[in-house]
Amino acid sequence: MSPDQLVKGNETFMDKLLKEDPAYFDKLKEGQAPDFFVVACSDSRVSPSVISETPLGTMFVHRNIANQVNVNDESLAASLYYALVHLNVKKIIIQGHTGCGGVAAAKDGNEEPFLKDWIKGIRQGFQSQNRSPQDELNELVKANIREQIEKMKQHPVYKKYGKDTELAGYLFHLETGKLEELNT
Ligand SMILES: [Zn+2]
């Protein structure tokens, strides 16, 4: 895809919305009241709002490699705080996906600079979930989602401001397009 197509695609997007509702963007600019705070993987194939066809204004999203809830991540802490305190989101979702490259890198023990520290954190999560790097990749993907839910429960921002906010894990199946809610 060329950068020109970004602009062309945007024109199609605008036309479609304006055809349905000429005041769409006037309403959009008034503000946001999203129902969900979503922690998802950065993978280009798993955009949370695209895979669930949710309109703009529905999800406040934080993305990183392998949808990690890292207590040292200032960006996550700020997004979580804003979502809970200012946006009053109703539900927090950890969304992982099958075939996750970040989880695969943790399984294989990636040692590249700028990746290895992040990957190490993912790998430590396997142990907390009583899993071994030898386990099947998608079992580790599920364990990784469950581990992030546990880490969210322990996150100081969640503990202080999110206690009554529902927390759920979802698995996006790349092979079929299905979004599955995980038992946690
Ligand atoms: Zn991924």
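Keep in mind that glycine also has a Cβ here, set from the backbone N, Cα and C atoms.
Listed features, source TrEMBL:
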type    : residues                    : note
BINDING : Cys41, Asp43, His97, Cys100 : Zn(2+) binding site
Measure the Cβ-based neighbour count of Cys41 (Zn(2+) binding site), defined as the other Cβ atoms within 10 Å of its Cβ.
-> 26
What is the Cβ neighbour count of His97 (Zn(2+) binding site) at a 10 Å cut-off, with all protein chains included?
-> 25
Using DSSP reduced to three states, classify His97 (Zn(2+) binding site) as helix, strand or coil.
-> strand
So of Asp43, Cys100, which of the binding-site residues has the fewest other Cβ atoms within 10 Å around its own Cβ?
-> Asp43
Additional residues around Zn(2+), ordered along the sequence, whose Cβ is within 8 Å of the centroid of Cys41, Asp43, His97, Cys100 | Ala40, Ser42, Arg45, Val46, Ala66, Asn67, Gly96, Gly99, Gly101, Gly102, Val103, Val141, Phe172, Leu174
Look up Asp43 (Zn(2+) binding site) in the DSSP assignment and reduce it to helix, strand or coil.
-> coil
